[in-house]
């Protein structure tokens, strides 16, 4: 049980590191062309949408993990 | 670096002794005015003075003013103003029960002095991979971060000594990380938070003589969040705070809305031996404490120590992350 909580913390830490990598390596340098003056605007919207999707995926992974680790303990 | 030793020592002494000396008379004052609440995890009707936020904010303001006299940094002003605003918000909530929306919205407004004083760097630093520039998005991050850290610390203030003890571990971890990334001035500005928490823990530890209340918990959380922003170590600060973040995550994922803790069912109950056990009510929310006692009932002190062990573990992860900031893939 207690090991489960430490494991949960560790996985959260790994997810933060991976999320940082995706943000800096892929999302940061991403740019779009072909829309003239709207390039930066559309590019920012796409970045924001991808960032929100990443956060949702992060929360879903944690929710699944929580159920996986604590299924026996949580009687709800 | 050497010239920073005197301000650091002076501010730490002021931070510790202001809270250490001011809290006992504050306890007497609160008890005299009947400003006490029942300690729910005790058998008898034990009444505990609340809120202790006044001694906490006094210690923080006094020590940061000492630092400002030496360093004259806008970052220190931002810490003082935002933390003071968080105290006022918490104090209002201590005296008058406000809706679930009040604290997040008010704390978001409390974050604006950080922006107004320009006490931030909009480059978000990640370990191993470097920084990403998000000038506009970073403003939103500032406005979101203070309510998150404030309410996160508030949500972990459920047992004797846990909020202040947790803050001792998290804030000293944060200070070590700031020294590792060589942000010495903000590292010194962060030290008073640890010393204030340590002095308050003396009276808050089990059996509590005083509770911090919302005014104390929000003060702790807002100062922590402000240091993270002005120190440019947002990601590291989030890692050091992970046990409290888990608590908020578990709570929100089971309740599925922003609400006051006092409005939801108690996730734990007491055994006849006064140990804390998970409630049988399936509709009660899942919290960190409920998970800790899910397999077996534990005493309040034992649960507190498990939370402190988790805080130390995430503090170590934060320190490893700080070292990783200097490494580039």
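Cβ coordinates are placed from backbone N, Cα and C, and glycine is handled just like the others.
What TrEMBL says about this one:
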TRANSMEM  B:6-27  transmembrane segment
TRANSMEM  B:48-70  transmembrane segment
TRANSMEM  B:76-93  transmembrane segment
TRANSMEM  B:100-120  transmembrane segment
TRANSMEM  B:126-146  transmembrane segment
TRANSMEM  B:158-181  transmembrane segment
TRANSMEM  B:187-203  transmembrane segment
TRANSMEM  B:210-229  transmembrane segment
TRANSMEM  B:235-255  transmembrane segment
TRANSMEM  B:306-327  transmembrane segment
At a C-beta cut-off of under 8 Å, are there same-chain residues at least 6 beyond the transmembrane segment (B:76-93) that contact it? List them, or none.
51, 53-54, 56-57, 60-61, 64-65, 67-68, 102-103, 106-107, 109-111, 113-114, 117, 119, 146, 150, 154, 189, 213-219, 221-223, 226-227, 230
Which sequence positions outside the transmembrane segment (B:100-120), separated from its termini by at least 6 residues, show Cβ-Cβ distances below 8 Å to it?
73-75, 77-78, 81-82, 85-86, 89-90, 92-93, 138-139, 142-147, 150-151, 154, 214, 218, 222, 225-226, 229-230, 232, 257-260, 263
Mind checking which residues of the chain, 6+ beyond the ends of the transmembrane segment (B:158-181), have their Cβ under 8 Å from one of its Cβ atoms?
39, 41, 187, 190-191, 193-194, 197-198, 200-201, 204-208, 212, 216-217, 220, 224, 227-228, 231-233, 236-237, 240-241, 243-244, 261, 287, 289, 300, 303-304, 307-308, 311-312, 314-316, 318-319, 321-323, 325-326
Which sequence-distant residues neighbour the transmembrane segment (B:235-255)? Criterion: at least 6 residues beyond either end, Cβ under 8 Å.
124-127, 148-149, 151-153, 155-156, 166, 170, 173-174, 177, 181, 224-225, 227-228, 264, 285-289, 291, 307, 310-311, 314-315, 317-318, 321-322, 325
Pairs of Cβ atoms less than 8 Å apart decide it: which stretch in B:6-27, B:48-70, B:187-203, B:210-229, B:306-327 has the most with the transmembrane segment (B:126-146)?
B:210-229
Taking B:6-27, B:48-70, B:306-327 as candidates, which has the most Cβ pairs under 8 Å with the transmembrane segment (B:187-203)?
B:6-27
By Cβ distance under 8 Å, which residues at least 6 away from the ends of the transmembrane segment (B:6-27) in the same chain are close to it?
49, 52, 54-56, 58-60, 62-64, 66-67, 70-71, 188, 191-193, 195-196, 198-200, 202-203, 209-210
What else in the chain is close to the transmembrane segment (B:306-327), if you only count residues 6 or more beyond its ends and a Cβ gap under 8 Å?
125, 127-128, 156, 159, 162, 165-166, 169-170, 172-174, 176-177, 180-181, 233, 235-237, 239-243, 288-289, 292, 298
